Amino acid sequence: MTLDLPRTATWRRVCAVADLEIERGRAALLDGIQVALVLTRDGSVYAVDNRDPYSGAHVISRGIVGTRGSIPTIASPMYKQSWDLRSGVCVESQGKEPRPLRTWLVDVRGGDVMIFWEATP
Amino acid sequence: MTASTHTATRRLVVVGAGMVAHRFVESLLDGTDEAFQVTVLGEEGRAPYDRVALTSVLTGGTVAGLTLDEDVFADPRVHFAPADPVRMIDRDAREVVTMSGERHPYDHLVLATGSYAARLAVDGFDLPGCFVYRTVDDVEGLAAFVAARSAQLGRPLTGYVVGGGLLGLEAAGALQGLDVECTIVQSSDRLMSAQLDAPSGGMLRRLIAARGIAVRTETITTCLRPDQSGQIAQLEFRDGSTAPADVVVFTVGVRPRDQLARDAQLECDPRGGVRIDATCVTSDAHISAIGEVASFDGASVGLVAPGYAMAEVAARRLRGGEASFGGYDLSTKLKLSGVDVASFGDAFATTPGALDVTYADPVAGVYKKLVLSDDAKTLLGGILVGDASAYGALRALVGAELGGDPAAYLLPEGGVAAPGGDLPDEAVVCSCSSVTAGRIRSAVHDDGCADAAAVKACTKAGATCGSCSALVGRIVGAELTKLGREVSNALCEHFDLSRRQLFDAVRVSGLTTFSAVIERFGRGRGCDICKPALASILAVLTGTHVLDGENATLQDTNDHVMANLQKDGTYSVVPRMPGGEVTPDGLIVIGEIARDFGLYTKITGGQRVDMFGARLEQLPDIWRRLVDAGFESGHAYGKSLRTVKSCVGSTWCRYGVLDSVGMAVTLELRYRGLRAPHKLKLGVSGCARECAEARSKDAGIIATEAGWNLYVGGNGGFTPRHAQLLAEGLDDDALITAIDRYFMYYIRTADRLQRTAPWVEALDGGMAGLREVIFDDSLGICGDLDAAMARHIDGYEDEWAATLADPEKLRRFESFVNAPTTPDPSLGYVPERGQVRPATADERDAGVLIAGTTLEVRR
Ligand code: SRM
Ligand SMILES: Cc1cc2nc3c(=O)[nH]c(=O)nc-3n(C[C@H](O)[C@H](O)[C@H](O)COP(=O)(O)OP(=O)(O)OC[C@H]3O[C@@H](n4cnc5c(N)ncnc54)[C@H](O)[C@@H]3O)c2cc1C
Ligand code: SF4
Ligand code: FES
């Protein structure tokens with residue numbers, strides 16, 4: 001093996017959709033990385049970083065899910081910043097510098113939540 | 001009017017220099033340089049002023065502040081002669097003659113002499129101390145009399161207002177402002193009988209009484225009697241009873257001042273008023289009449305808006321244009337601070353087949369009625385009492401289709417779908433100045449007006465009676481928003497309602513889930529502002545567990561996991577210790593739990609023990625042990641009762657006069673779990689030394705020899721406030737009833753995150769008003785409040801015990817969906833003073849001395 005092998009990302013099952021609750025996030029642990037999973041009312045599932053970039057605490061999954069205009073959002077329970085669940089763009093920074101959340105691709109297949117996961121080296 | 005008359009009409013004489021005359025001259029001359037010569041002859045010794053705002057002279061305003069735009073008479077084409085009333089009209093010579101003997105020839109004469117205020121035709125009607133309420137001189141005379149007479153008598157005066165219509169209520173408010181103890185005497189069975197039906201009249205009566213003004217209906221005054229000095233001293237009524245009175249104001253109606261016209265043999269209505277046609281011309285083609293002196297279609301109306309419309313018609317015609325008066329709009333709004341009343345359109349539902357929809361909320365003192373066409377689509381009129389904020393909007397919609405659920409328009413303070421932003425451009429928003437919604441929009445877009453005040457200056461919308469101001473504000477707000485500027489007092493982008501409105505909306509609609517409420521009253525899927533607010537409202541109204549069903553997702557993480565989030569993402573655990581009392585065994589259990597789970601412990605500022613650093617997945621295990629030992633949730637996380645702080649009281653303390661700990665425990669157990677707009681704290685001190693600092697609490701109770709003193713509206717925190725005395729010398733039961741009602745009244749009416757201190761400060765009628773609500777049942781709601789509290793007490797269950805019994809709810813405490821018991825790997829701690837604390841970022845970077853959560857207990 002050489003060091004320049006392209007990094008691989010694959011679809012990986014995290015849990016069943018039934019394990020999620022509409023509009024209440026759940027945290028998932030993948031290779032030591034914490035992901036916040038959110039199921040919205042229209043059946044979409046989103047995966048964003050569970051780490052709140054403002055407090056450094058891993059709490060995003062415990063925030064309130066809602067909308068801003070037509071954008072699905074989640075707010076941090078710590079200092080109430082909120083983000084676009086689709087892109088991780090910070091839509092309310094509470095007067096601070098906007099900081100994004102990392103996001104992952106999610107697919108729901110046969111009742112399973114699949115995440116396009118890139119194993120960390 | 002033909003073009004030839006128009007060109008011949010150069011010399012205009014206006015009799016009367018009131019509001020309508022002023023508007024006439026303005027409309028006549030504005031934007032034209034036609035060579036009119038306008039002579040305005042006034043009786044009063046001052047320039048035209050805003051009679052509608054007359055009361056402001058008694059409430060801190062100045063006479064100068066009432067003066068209408070002086071530029072109008074500054075036009076060189078205008079000659080204004082005040083204080084020289086017209087004595088006669090010589091129609092043959094086309095001249096008028098004034099008191100001073102001056103003769104003014106005219107091509108066209110405009111009568112705008114208004115009305116005079118009537119007095120009762122009973123003995124003693126003109127005794128010193130009896131007033132009418134029409135002119136600046138009247139109110140100045142009244143104020144001077146009250147000041148002199150009360151100085152002479154050495155006490156506040158007792159006053160009577162005879163006549164309970166719009167004007168009577170306004171005058172009574174003004175008298176009260178002059179420190180006069182005031183009673184309104186009304187001959188019919190209700191106040192404002194020309195505008196209100198029986199239920200709304202009843203509601204108004206209660207609001208007036210709550211404001212400290214007494215009301216006697218079905219009472220006819222038959223005689224007024226002087227004292228020995230000749231001043232008014234007593235009223236006598238038809239039933240033979242009498243009442244002492246130091247000052248009397250008659251507000252029994254107005255009569256058109258049509259004497260000049262009668263003397264000149266112009267056609268007048270037998271009931272008063274100079275007859276005019278739709279062009280405002282009288283039976284003499286060279287004479288017009290406008291304003292209150294005119295009688296159109298058999299009626300004279302004592303409102304300014306129709307007068308302004310007539311002024312507009314007459315002016316336009318004299319300038320050669322076309323215009324006609326379309327009839328009266330009898331819509332009115334009472335201007336008495338703290339008492340909102342309005343009626344508009346066909347308020348009495350006289351249209352055949354008319355339906356009405358009513359909404360009554362005795363708690364808030366609100367009654368609203370909409371009158372609709374037989375298909376329930378078209379708005380015909382209505383009555384609003386207690387909350388008339390929708391008046392401007394609804395009045396503008398009279399005759400139009402409501403488009404939507406009529407009930408929505410009746411909800412508190414303007415309602416959910418309160419129209420405004422989307423009124424058609426041609427809808428008349430300000431009827432005083434005939435300003436349409438379109439004109440207001442263009443003032444924002446084209447004239448650069450940046451707020452309602454600028455729009456008012458530019459278009460005159462809202463400048464007269466002010467009843468359209470709220471609607472003007474909303475339209476301006478909507479336009480500014482379109483321009484990308486922010487203006488709103490709504491809860492958040494999902495609800496246009498305030499918390500109080502939302503509370504009422506939920507209560508009235510009976511909806512019990514977030515989805516149903518937002519679908520009906522809001523938009524989108526909510527946010528971290530409206531969701532917790534609604535969770536609290538639903539908790540009070542439905543009394544269900546905070547983690548039940550869909551509503552669990554509304555809760556902030558604190559309420560969701562029933563613990564307080566800390567900076568590193570762990571939680572703190574606060575078991576209830578009612579009154580700060582804890583047994584040694586209880587303390588030992590807490591000590592053992594804290595030790596076994598490695599929690600940092602501290603005594604809180606609320607007299608109990610807090611355990612910090614509990615991880616999500618540990619909370620159920622910790623609580624199982626606490627519940628087994630008899631502890632309950634302390635609701636340190638909720639917008640709900642926190643603690644009842646106590647001092648040791650008479651049981652141990654040598655100075656204590658009552659058992660403060662016992663009372664604190666009773667109160668804490670009574671109100672535990674009670675959801676509120678913000679947190680609630682109480683304190684109970686056993687004597688006046690006040691060791692429990694009770695007066696810094698929402699409810700502070702201090703023992704005295706005579707019983708408990710209850711103080712309300714205290715606050716520590718950001719804006720400290722000492723609680724104010726509400727009642728003294730209460731026994732246990734009376735104390736509890738008073739607090740029950742005070743809390744429930746607060747919960748029903750406060751805004752989101754408004755603590756009791758600012759709520760009390762903003763209450764109508766202040767502390768005295770609150771006392772009346774709680775002890776005298778002035779709003780008739782005590783039964784409701786008591787029942788709501790009884791419901792809370794019956795429904796109370798410990799949230800933690802209930803959660804532990806429900807495996808479904810416990811799933812929420814799993815740390816990871818795919819690894820339910822794995823601790824958050826990012827946590828790290830360092831020791832300090834024999835306990836642990838979260839590691840700082842620097843310590844993490846340094847990587848030393850840090851214990852992660854995977855290390856067992858003794859971190
Ligand atoms: C734990 C405690 C400090 C302590 O270690 O002593 C505390 C801790 C917090 N207080 Fe407090 N307050 C605590 C007693 C007080 C007191 C003293 C008292 O109750 O006698 C006050 C002033 C009295 C008052 O409320 O009027 C107090 C006034 C506040 C305020 C300001 C409220 C205000 O009206 O201005 C806030 C902020 C807020 O609620 O918006 C606040 C908010 C908070 C929050 C919730 C801040 C937060 O969002 O993290 C803290 C979290 C509590 C936790 O993690 O458990 N805390 N806080 C005390 C818990 C008492 C208890 O047993 O429940
Ligand atoms: C306290 C108060 C509150 C009111 N509130 C409202 C309200 O909220 N909404 C509303 O629509 N209306 C209200 N009104 C009524 C409103 O003020 C009148 O409808 C309006 O002033 C009528 O205007 P006008 O020009 O026809 O008569 P006025 O304003 O009365 O003007 C007539 C003028 O003519 C003068 N005059 C009379 N005879 C002669 C003469 N022979 N020669 C020369 N001058 C003469 C009078 O002295 C007077 O100055 C209120 C009135 C009062 C007193
Ligand atoms: S005073 Fe500030 S730091 Fe201290 S507990 Fe209260 S909120 Fe926290
Ligand atoms: S309706 Fe009277 S000022 Fe607008």
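Quick reminder: no glycine exception, Cβ is built from N, Cα and C everywhere.
If you check TrEMBL, you get these features:
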type	residues	note
BINDING	B:Cys647, B:Cys653, B:Cys687, B:Cys691	[4Fe-4S] cluster binding site
BINDING	B:Cys691	siroheme binding site
DOMAIN	B:11-305	domain 'FAD/NAD(P)-binding'
DOMAIN	B:331-397	domain 'NADH-rubredoxin oxidoreductase C-terminal'
DOMAIN	B:428-475	domain 'BFD-like [2Fe-2S]-binding'
DOMAIN	B:566-627	domain 'Nitrite/Sulfite reductase ferredoxin-like'
DOMAIN	B:638-774	domain 'Nitrite/sulphite reductase 4Fe-4S'
Counting by DSSP secondary structure, give me helix, strand and coil numbers for the domain 'BFD-like [2Fe-2S]-binding' (B:428-475). 24 helix, 5 strand, 19 coil
Please list, in sequence order, every residue of the chain apart from B:Cys647, B:Cys653, B:Cys687, B:Cys691 whose Cβ lies within 8 Å of the Cβ centroid of the [4Fe-4S] cluster site. B:Val648, B:Gly649, B:Tyr655, B:Gly656, B:Ser660, B:Ser685, B:Gly686, B:Arg689, B:Glu690, B:Ala692
Restricting to the chain of B:Cys653 ([4Fe-4S] cluster binding site) and a gap of 6 or more, list residues whose Cβ falls under 8 Å of its Cβ, or answer none. B:Cys647, B:Gly686, B:Cys687
Mark yes when the domain 'Nitrite/Sulfite reductase ferredoxin-like' (B:566-627) and the domain 'FAD/NAD(P)-binding' (B:11-305) have three or more Cβ pairs under 8 Å (sequence separation 6 or more) and no when they do not. no
Site of maximum Cβ density within 10 Å, from binding-site residues B:Cys647, B:Cys687, B:Cys691: B:Cys647
The domain 'NADH-rubredoxin oxidoreductase C-terminal' (B:331-397) and the domain 'Nitrite/sulphite reductase 4Fe-4S' (B:638-774): do they have three or more Cβ pairs under 8 Å, with pairs 6 or more apart in sequence? yes
Ligand 4 is in the model; which of the binding-site residues B:Cys647, B:Cys653, B:Cys687, B:Cys691 have a C-beta less than 6 angstroms from one of its atoms? none
The domain 'Nitrite/Sulfite reductase ferredoxin-like' (B:566-627) resolves under DSSP into 29 helix, 14 strand, 19 coil
Considering every residue in the domain 'BFD-like [2Fe-2S]-binding' (B:428-475), what is the mean pLDDT value? 82
Counting by DSSP, what is the helix, strand and coil composition of the domain 'NADH-rubredoxin oxidoreductase C-terminal' (B:331-397)? 7 helix, 31 strand, 29 coil
Tell me the residue counts in helix, strand and coil for the domain 'Nitrite/sulphite reductase 4Fe-4S' (B:638-774), as DSSP assigns them. 52 helix, 35 strand, 50 coil
